Amino acid sequence: MKAMLDMFKDERRARWFFAAHAQGALGAGAGYIALLVLAYERIGSAWGATAVLLADLLPAMLLGPLLGAAIDRTSRLAGAVLADLIRAAAFGALVFTHSTGAMIALALLAGFGTALFRPSTWALLPGLVAPSRFSAAVGLFNAVRDTGQLLGPVLAAGLLVIASPAAVLGINAVTFGLSALLLLRLRGHVRRPAATEAAMDEPVSLRGVLRDRFVRVMIGTSATVTLCAATMNVGELVLAQRDLKAGATGFALLVSVYGFGLIVGALCAGRDGGDARLCYFAGLGGIAAGMLSTAFAPTLGFALFTFGFTGAANGLFSTSNRILLTRAIPERVHGRAFGLVDSLDSWGFGLAVIAGGGLASAFGGRALFAVAGSVLFVIWACAAYTLRSRVMPEISAPVPTLIPATQG
């Protein structure tokens, strides 16, 4: 925590960035719930809500690397600002939309904004903080995102008591607009990466970067964990209701404990002096162990412990994975690389949403957790063997110049 507090004290750019990220993440968490409720009310079926959810994922699934390439060739900061403006417009228009086709089209537009925002911010982050504070910045970035996902639905629940789902979506649109305004304060204050002779020899295409076995393992494990974690999100309701007989209250407790674990894990991985490689393997193995333990949980109390443990392991893994990827990939192709990561993660999440519900209903929540945990143990062993001798470089220090206001 000290490294994060020092970063806030000394890095003014980071304060504006995280202020934008915090209120945007909270609004997005609330807006996600409101969007599903509104889609169900106006379309009249659960499949309609599912269609809207998948429409939100589709742009990242299909366009991630292309959007990342556009970011690398233009401006990471401009990409993040444009993404927020697109999402503000899409969610604002959803307030007044009633037809099924229009709702799905606007969900696609919002998804396009999200697909542009994620690689933009990951590519932008190294230029906002000193290299020695980058791990802390990644940990805080993930912790803020996870806090939004945890508290956003709670905020939505409170707002939906006194306001309509459309009103909550309107509030979400406002948060994205504010995020864009806050990000604009960074114009002319993003540090340029060091222009070293070694950097000129680095690959400038995504295909060249993917020749590195380490990068392939990082990207592949990220997608696999996303698939298994999303399967867990689908199976946890069946586990709580059918296997543990815990009801809606037990389900809510499991989700809350898991979310809290994510935040703790992200903060631990970003701590000062932390070993990202150790956190990566501990997190990946911990997710596998946690999911397998959940499959055999005899009581709700035991399941709450395994859910919290799994969440903390996932936070540890996802944060260290992004730290290691950023160190391994030349900064000139960060947009393309993180666009590909976002694309594969979205495919994993989408496949889990489509297939996970049916599998959980057919075989039960325990079986789903056991299979996902077993798969991740195999992935952990393969990653440990493949990367047993790889030594990672540190992020190079930036030169003391600033990117002009027209660049990012």
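Just so it is clear, glycine is given a Cβ too, placed from its N, Cα and C backbone atoms.
Taken verbatim from TrEMBL:
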TRANSMEM  16-40  transmembrane segment
TRANSMEM  46-67  transmembrane segment
TRANSMEM  88-117  transmembrane segment
TRANSMEM  154-184  transmembrane segment
TRANSMEM  214-234  transmembrane segment
TRANSMEM  246-269  transmembrane segment
TRANSMEM  278-296  transmembrane segment
TRANSMEM  302-325  transmembrane segment
TRANSMEM  337-361  transmembrane segment
TRANSMEM  367-387  transmembrane segment
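Sequence-remote contacts of a segment are chain residues at least 6 beyond its ends whose Cβ falls under 8 Å from one of its Cβ atoms, and for the transmembrane segment (46-67) they are 35-36, 39-40, 79, 100, 103-105, 107-108, 110-112, 114-116, 118-119, 206, 335-336, 339-347, 349-350, 353-354.
The listed stretches are 154-184, 214-234, 246-269, 367-387; of these, 214-234 has the most Cβ pairs under 8 Å to the transmembrane segment (337-361).
Between the transmembrane segment (154-184) and the transmembrane segment (214-234) there are fewer than 3 Cβ pairs closer than 8 Å, counting only residues 6 or more apart in sequence, so the two stretches are not in contact.
Segment contact holds for the transmembrane segment (246-269) and the transmembrane segment (302-325), given three or more CB pairs below 8 angstroms at sequence separation of 6 or more. No contact links the transmembrane segment (302-325) to the transmembrane segment (88-117), because fewer than 3 Cβ pairs that are 6 or more residues apart lie under 8 A. Most Cβ pairs within less than 8 Å of the transmembrane segment (278-296), among stretches 88-117, 214-234, 367-387, belong to 367-387. Long-range contacts of the transmembrane segment (214-234) within its own chain (CB-CB distance under 8 A, at least 6 residues past either end) are made by residues 284, 287, 291, 310, 314, 317-318, 321, 324-325, 328-329, 337, 340-341, 344-345, 347-349, 351-353, 356-357, 359-360, 368-369, 372-373, 375-376, 379, 383, 386-387, 390, 392.
Panel annotation: around the transmembrane segment (367-387), residues 213-214, 217, 221, 224-225, 228, 231-232, 234-235, 238-239, 281, 284-285, 287-296, 356, 359-360 of the same chain, lying at least six beyond its termini, place a Cβ under 8 Å from a Cβ of the stretch.
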